[in-house]
Amino acid sequence: MSTQEATLQQPLLQAIDLKKHYPVKKGMFAPERLVKALDGVSFNLERGKTLAVVGESGCGKSTLGRLLTMIEMPTGGELYYQGQDLLKHDPQAQKLRRQKIQIVFQNPYGSLNPRKKVGQILEEPLLINTSLSKEQRREKALSMMAKVGLKTEHYDRYPHMFSGGQRQRIAIARGLMLDPDVVIADEPVSALDVSVRAQVLNLMMDLQQELGLSYVFISHDLSVVEHIADEVMVMYLGRCVEKGTKDQIFNNPRHPYTQALLSATPRLNPDDRRERIKLSGELPSPLNPPPGCAFNARCRRRFGPCTQLQPQLKDYGGQLVACFAVDQDENPQR
């Protein structure tokens with residue numbers, strides 16, 4: 001097998017047991033405690049596919065996005081791009097991270113420098129990371145603007161002169177200027193009007209087909225996720241509780257938390273009715289999580305081991321679920 005063939009068989013992006021713990025002290029003499037914002041998350045992202053990461057605010061999904069782009073460094077775990085270790089502190093790994101993994105932020109009003117024109121915003125990554133001439137940078141910026149539906153005359157305008165949807169198109173174009181393979185999309189449409197969300201989503205899907213992009217799509221909106229995802233990872237308090245294909249998650253959710261999230265999602269078909277599952281209480285504090293399963297205080301299927309032990313992901317026909325109740329359903333004799 002050639003080196004190229006071996007590379008193509010590897011996941012494009014692979015995370016193994018990624019962790020991010022923040023030390024916290026409440027007073028000068030208080031003992032240091034840890035907030036486990038991310039606590040052992042693993043996944044494989046294949047070329048040209050979209051992995052959606054979903055969950056309530058505070059579940060750790062945005063922290064995961066920051067780790068994947070090295071905005072923050074993980075406390076532990078491993079991260080590979082086509083088999084190459086991205087956590088090595090060497091110039092080659094850093095260059096690879098900058099060029100091959102880019103991010104599109106949630107807020108198009110805050111992520112663009114108001115003092116710079118669109119052309120300057122788009123050319124800045126090229127100015128920092130390439131040796132292209134001024135004319136070459138301009139040519140590439142105009143080409144990318146056309147790809148995202150912006151006009152040539154927009155090149156010399158400032159961000160405040162655009163609508164929210166147009167600003168997010170600028171942000172997407174900026175994220176693609178270095179020809180990345182992976183784009184981390186952190187709630188890319190949540191700050192937009194409903195009327196333009198579908199346009200931006202369709203643009204992202206068209207760009208994925210045209211450029212062969214892979215997305216890690218972070219969202220709390222399952223109706224949006226259903227439109228764009230190939231695989232879905234459900235997170236709760238820093239951990240993955242369920243992972244599977246889009247069809248598995250939406251048609252046969254196994255974890256009680258996933259079931260509750262989906263029951264709250266509006267359906268287009270009025271005949272497609274689900275039992276409304278109402279969760280009691282709020283997301284626990286990551287500074288003081290409950291013993292056992294972090295979801296046990298809100299779970300309607302809680303029983304003995306849920307309050308004592310932390311469930312691990314188990315494979316049920318290709319669908320990974322971390323739940324003692326599901327395990328009991330599959331193995332009632334235990």
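Every residue, even glycine, has its Cβ placed from backbone N, Cα and C.
Annotation source Swiss-Prot lists domain 'ABC transporter' at 13-262. The ATP binding site annotation in Swiss-Prot covers Gly55, Glu56, Ser57, Gly58, Cys59, Gly60, Lys61, Ser62.
Locations of recorded Swiss-Prot features on the structure.
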residue : record           : contacts (Cβ under 8 Å, 6+ apart)
Gly55   : ATP binding site : Lys61, His220, Val234, Met235, Tyr236, Leu261
Glu56   : ATP binding site : His220, Tyr236, Leu283
Ser57   : ATP binding site : His220, Leu283
Gly58   : ATP binding site : Leu237, Leu283, Pro286
Cys59   : ATP binding site : Met235, Tyr236, Leu237, Gly238, Leu283
Gly60   : ATP binding site : Lys20, Ala37, Leu38, Asp39, Val41, Met235, Leu237, Gly238, Arg239
Ser62   : ATP binding site : Asp186, Glu187, Ile218
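Taken as a whole, the domain 'ABC transporter' (13-262) shows an average pLDDT of 93 in this prediction. Every protein chain shown contributes to the tally, and the Cβ of Lys61 (ATP binding site) ends up with 26 other Cβ atoms within 10 Å. Highlighted in sequence order, His220, Met235, Leu283 have their Cβ within 8 Å of the centre of the Cβ atoms of Gly55, Glu56, Ser57, Gly58, Cys59, Gly60, Lys61, Ser62, the residues recorded for ATP, and are not part of that set.
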